[in-house]
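A.B. asks: There's a structure below that I have some questions on.
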Amino acid sequence: MKTIDNFNFENKKALIRVDFNVPLNDSFEVSDTNRIEAAKPTIIKVLEDGGSAVLMSHLGRPDGKVDSNLSLKHIVDTVSQIIGVKVKFVDECVGKKAEDAVEELKAGEILLLENLRFHSEEEKGNEAFAEQLSKLGDIYVNDAFGTAHRAHASTTVAAKFFPEKKCFGYLLAKEIEAIDKVMETGEKPILAILGGAKVSSKITIIENILDKVDHLIIGGGMTYTFVKAQGGQVGDSICEDDKMDLAMDILKQAKEKGVEIHLPVDVLAADDFANDANTKVVDVDKIPDGWQGLDAGPKTLEIFKGVILKAKTILWNGPVGVFEMESFANGTIAVGKAIEEATKKGAFSLVGGGDSVAAVKQFGFEDKVSYVSTGGGAMLESLEGKTLPGIAAIID
Ligand code: AMP
């Protein structure tokens with residue numbers, strides 16, 4: 001794996017694909033600076049080597065048209081503050097104007113290009129557009145994990161114009177290492193905790209990880225498809241009747257592969273999908289009509305905790321209850337606490353993909369697990385076993 005550490009950037013211009021797709025508030029101020037902070041180590045390394053950095057990113061979905069609301073000019077001051085260097089900006093990302101701005105760039109300076117997606121060629125992965133981008137640097141660095149699953153001009157196609165001079169930035173390298181630690185080189189026992197709403201959205205992940213893990217905890221809304229498939233009563237719980245065969249097949253495959261599956265045994269059921277609903281703890285396979293399981297029950301959480309504390313490698317994707325409502329957040333918090341404890345004892349824990357990341361941040365576990373992925377879709381596709389085009393483009 002070629003990373004930024006394999007290069008010396010002295011008097012070189014690094015063309016860095018970053019993910020500065022950050023949220024802006026009504027006054028066009030950056031309301032969450034995480035993604036900018038995440039790119040800082042890579043930018044600093046280039047500057048400290050004595051090079052300069054040309055940063056390219058997308059912001060929002062302008063769909064190939066110029067939209068001043070989505071101009072990257074809005075984030076220039078924030079990037080300057082975070083990096084500690086005054087960032088220059090050019091209101092184009094290809095062509096003469098951009099090339100001139102790059103030409104003028106001196107060692108130690110940073111230039112931010114305008115939103116890549118103002119050109120429809122970006123998302124189409126247009127080769128001529130990628131070639132134009134490639135004129136803006138000597139070494140291509142991809143540090144945008146959030147878009148690594150897209151074969152866009154700046155994330156994938158541009159790499160081919162730097163056959164010997166392309167590499168991963170620190171952030172992308174960290175993401176790849178974290179996934180590898182779970183999927184390839186993880187210390188046993190390896191545990192995956194999969195939650196979330198539906199079996200259908202997690203099926204490819206489940207099938208892929210059955211070859212990698214020793215234990216699989218299934219929680220959240222997915223539970224009820226598995227329970228009903230085995231003859232249980234799930235009341236009004238979320239359930240995909242058309243996925244019951246699939247659920248049975250997963251249980252069979254797990255058995256064949258020697259993977260232990262842990263499903264909830266009890267749940268916190270509610271008489272309405274509402275925070276102030278009436279609730280009671282019931283066995284997972286005896287949920288009365290008019291009631292739905294919205295969180296893991298106490299016996300379940302004890303079992304989950306035991307499994308988590310024995311694991312040496314932990315992957316968590318998807319909450320085990322409707323954590324957005326306070327009344328049903330307890331299970332997800334308990335899982336987070338158990339992962340924190342396991343991590344303290346030396347386990348490697350990775351949280352990735354969508355809502356579990358939101359939950360981890362909301363409940364303050366971000367610094368208590370080994371790694372929280374920055375890419376939703378990209379992480380999900382990695383867990384599905386797909387090779388991400390942005391990663392393949394650097395490796396081949
Ligand atoms: P996902 O995007 O697949 O990870 O799904 C996350 C969503 O699953 C969250 O919004 C949770 O509220 C939801 N969820 C978790 N458990 C349940 C449940 N028992 N019933 C309904 N939705 C659930």
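Keep in mind that glycine also has a Cβ here, set from the backbone N, Cα and C atoms.
Pulled these from TrEMBL:
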type: BINDING; residues: Asp19, Phe20, Asn21, Arg35, His58, Leu59, Gly60, Arg61, Arg117, Arg150; note: substrate binding site
type: BINDING; residues: Arg35, Arg117, Arg150; note: (2R)-3-phosphoglycerate binding site
type: BINDING; residues: Lys202, Gly293, Glu324, Gly353, Gly354, Asp355, Ser356; note: ATP binding site
A.B. asks: Pop the Cα-Cα gap between Asp355 (ATP binding site) and Asp19 (substrate binding site) into the table, whole Å please.
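C.D. replies: Distance (Cα to Cα, whole Å): 19 Å.
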A.B. asks: Do any of the binding-site residues Asp19, Gly60, Arg117, Gly293, Gly354, Asp355 touch ligand 1, in the sense that the CB is under 6 Å from one of its atoms?
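C.D. replies: List returned for ligand 1: Gly293, Gly354, Asp355.
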A.B. asks: Measure from the CA atom of Arg150 ((2R)-3-phosphoglycerate binding site) to the CA atom of Gly354 (ATP binding site) and give the result in Å, rounded to a whole number.
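C.D. replies: So the alpha carbons of Gly354 (ATP binding site) and Arg150 ((2R)-3-phosphoglycerate binding site) sit roughly 17 Å from each other.
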A.B. asks: Relative to the Cβ position of Asp19 (substrate binding site), how many further Cβ atoms are located within 10 Å?
C.D. replies: 25
A.B. asks: Compared by Cα position, which of the binding-site residues Asn21, Arg35, His58, Gly60, Arg150 is the closest one to Lys202 (ATP binding site)?
C.D. replies: Arg150
A.B. asks: Looking only at Cβ atoms, how many others are within 10 Å of the one on Gly293 (ATP binding site)?
C.D. replies: 30
A.B. asks: Can you count the other CB atoms that lie within 10 A of the CB of Gly60 (substrate binding site)?
C.D. replies: 15
A.B. asks: For the (2R)-3-phosphoglycerate site as recorded (Arg35, Arg117, Arg150), determine the largest distance between any two Cα atoms, in Å, rounded to the nearest integer.
C.D. replies: 18
A.B. asks: In whole Å, how far does the CA atom of Gly353 (ATP binding site) lie from that of Asn21 (substrate binding site)?
C.D. replies: 17
A.B. asks: Out of Arg117, Arg150, which of these binding-site residues shows the lowest number of other CB atoms within 10 Å of its CB?
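C.D. replies: So among Arg117, Arg150, the binding-site residues given, the one with the fewest Cβ atoms within 10 Å is Arg150.
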